Amino acid sequence: KFSKAKRQRSLSGGASSALEAPGGPPSGDLSAAGDSEGGLPGWLGCLATVLEWTAGIGLMLGCAWGFAWLTNEIHESTLYFSNIKEVEREISLRTEQGLYYSYYKQLVRAPSLRQGLFELVRDNSTEHPDTINVLSRMNIYQEVLLALLYRYTWFGTYLQPIYFYIYSVLFLNGLLICGLFATSWQLTGTPLAGCLAAVMYTLNSMHTTRLSSTHALREHFSLPFLWLQLFCLSVYFSRASVRGSARERVSLLGAQICCFLFTLFWQFNQFVLLLQSLSVLTASAIGFVQFRKAFAFLLTVAGSLLLVSLLQFGNPMLLTAPALSVCLSGALSVAVSRRWLLPGFGSAGRLARLSRVACQAWVCLLAFAVCQTVLKLVIRHDADSHIYKFVMMKLGYGYDDDFDVRMYNCAGAFVWLPWSTFTDLAATYLLQPYLIVHAALFLLTLAGFLHSLLRPPDAASDADEANGVAASGDSAPDSGGKFERPSAWREALDGFARHPELAYHAVQCTVFAILGYTTLRMKYFWTPYMCVLMPLALGHRRCWDWLLLRLLGPRLRHAGFAWSQILTLALLVSSARTCYRDNQAVWQNLREFWDPDTVQLMEWISSATPPDAAFTGSMQLLAGVKCCTGRRITNHPHYEDRALREKTRQLYQIYGRKPPHEVHRILRSHGSDFIILEDSICLRPGNGCGTTELVDNLNGELTDLQARQPQAPPGLRRSSAPRFCHEIRRSHGASSEENPYARLFQLVLENRTFRVYRLL
């Protein structure tokens, strides 16, 4: 086959590209120079392929197991997890982690799985006294699946429930490593590049994942399927996946399964899928990704959103998601382009081409506006309004004084990416090669798009345009019948046009880079992408073949493979040694979980309060109360519901300047029996982001810090009323006739951190 292809290229005179697919025929003048030499015999070539695949898969599984084992060891050395009490293990699942784990714990302990699911569908312990459908409100199907496996497999015999839960998370993040490994391997053609991506991810784990300190977050269940989906898309978008081939069908099926699981396991899936859909639309509009493949992916995303909404009992947040409108409008614009705009694109003039691209964009925007408006009118739902307010605040369009937006902004995880992140990534030699690769891919993508728009009309290129592939610029013979060797830039463009998956990754990584730079928490989408693309600077054999050919001539035509492997292996060994040395220091610094005040609180609640008692406090603490004690709570940190946000504003008056009878009335209206006050919140010095200050501004009052400033912010008033959490402390020991606090609240537990009061 190679000899036949060489003869055809020799007859046509077309110059081959240096960026041919890894494992494909040699490129450029290298192919012509190799005509005199025979390739490997068929059986030997098959054996080499089998050995490469076996070694690559073995390395991939080894990297996945090594990352999971390493993370578990860090978790153990940090908390001494295997030797602490069960309540301490559950307390270590801070904030919303404890809330999600409580549902898994509830399903495991239920008389039957059916009974446990019924209790979740009609739950009045999470937002007491309201009854909610937890399966509809939250993404906890992973807890349902894990409880099913634990109850009906041998895991329940050998492992405690919390260990099975944590090991399952580690297993899924091993799959994440497999996704990164496989994507880098597919892009470069060498498994060493995949191994380097996995090692870089582990070496920079402080900036690539939060797994070592937080296990039960939704992202740890969903992100592995996002990176597996990106691998499937990389294979699906490549030109090797021809229409109707098994490669195309399997990669599309894998992308569909991963997209569905990613959507099912995380409440913020719609925003990631929105960015991904826009990236695919962009890559198809500029002429790299074939339109039929973009159409299939957009339908995959839309189908995943609709199916997950169905599983969540018609969750309106997904039905009104912009991602669904973008997918439907994008699919319409792609269909219109294939039917009316794309035929004759190559033979049209430059202005006509630009007009057709602009027309496709306008069709997509108009369809999106109509679709989103209709969905909003039919399904009146605004549970995610606080997220759009936060985005507008990031863009500088107000909402600085909104309570919900300030809670996000004051969390510290939603600020701009600090400069220290870049210095840390540069210290491990991840940032520098990545920037080179990303800049090169972005420039080639832009140049390929401009070339497809500005090249002279050519009717023969319409076949390529019908598939949505940027046309290559192979040299044409001159009038004398001789063929000119194309320039280096033209060769690069020709080769890049044969790899639409690289253009997609360039666009997608750019979007994730903007997201990660503007919001610190979102860097976990960008930094793993760095690990995937960075090996392209070292391990892409065809790039080195082309570079050595241009610099040193055809005599070193086989040196590209050896040079790429040597560089990749050298950096791989150096990074692995650094990773081992850094983690060895962590293992030697043995620590143990120590939070006696919280342990005392949870044990007292379990032993001294009735099983149907309801508690009010901070959202983060109440998640732990539900996890460790099973008691009813009035609010929680899953903040994606408008009614819950309004309820939280009322309950947080325990940290405001309200009189005791009004606080008592609010708590009683929400069915509270006990309140838990935290000194870390009540006594926190003012810096503009404390809970007490947020509540003061919510009530239209000046904070203590603002009251000392010469010019107060407009719209706020000074308040001389005492703060509730301060005054109730002073009422301890006073008679109920003299003190209204003592008449309405009774202190039942106090330690260095918490004070628990019973409502009288």
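FYI, residue positions are counted from 1 along the chain as it appears here.
Using the three backbone atoms N, Cα and C, a Cβ is placed for every residue, glycine included.
Automatic, uncurated: that is what TrEMBL annotation is.
Since this is a predicted model, take the numbers as computed values, not measurements.
As annotated by TrEMBL, compositional bias 'Low complexity' applies to 10-22.
Residues annotated as region 'Disordered' in TrEMBL: 1-33 (among others).
Taken from TrEMBL, the feature region 'Disordered' covers 464-483 (among others).
Annotation source TrEMBL lists transmembrane segment at 162-182 (among others). Residues 59-61, 63-65, 67-68, 71-72, 75, 86, 89-90, 101, 104, 146, 149-150, 155-156, 191, 194-195, 197-198, 201, 209, 211, 215-216, 220-221, 223-231, 528, 531-532 of the same chain, all 6+ positions outside the transmembrane segment (162-182), place their C-beta atoms under 8 angstroms from a C-beta of that stretch.
Feature annotation from TrEMBL assigns transmembrane segment to 221-238 (among others).
The feature transmembrane segment is assigned by TrEMBL to 250-266 (among others). If one looks beyond the transmembrane segment (250-266) by at least 6 residues along the same chain, the residues whose Cβ comes under 8 Å of a Cβ in the stretch are 139, 141-142, 218-219, 221-223, 225-226, 228-229, 231-233, 235-236, 241, 272-273, 296-297, 300-301, 303-305, 307-308, 311, 318.
Under the heading transmembrane segment, TrEMBL lists 272-289 (among others).
Distant neighbours of the transmembrane segment (294-311): 135, 141, 233, 236, 252, 255-256, 259-260, 262-264, 269-270, 273, 276-277, 280-281, 283-284, 318-319, 321, 323-324, 327-328, 330-331, 334-335, 338, 468; these residues of the same chain sit at least 6 beyond its ends, with a Cβ under 8 Å from one of its Cβ atoms. The transmembrane segment annotation in TrEMBL covers 294-311 (among others).
Sequence annotations record features per position, and here TrEMBL assigns transmembrane segment to 317-336 (among others). The list of residues near the transmembrane segment (317-336) in space but at least 6 beyond its ends in sequence, with Cβ under 8 angstroms from a Cβ of it, reads 263, 267, 270-271, 273-274, 277-278, 280-281, 284, 291, 294-295, 298-299, 301-302, 305-306, 308-309, 360-361, 363-368, 370-372, 375-376, 379, 381, 383-384, 640.
Here TrEMBL flags 357-379 (among others) as transmembrane segment.
TrEMBL lists 405-422 (among others) with the feature transmembrane segment. Counting residues 6+ beyond its ends, the transmembrane segment (405-422) has Cβ neighbours under 8 Å at 207, 386, 389-390, 393, 399, 431, 516-521, 523, 639, 688-689, 694, 697 in the same chain.
Feature annotation from TrEMBL assigns transmembrane segment to 434-454 (among others).
Per-stretch counts of Cβ pairs under 8 Å to the transmembrane segment (357-379) identify 272-289 as the leading one among 221-238, 272-289, 434-454.
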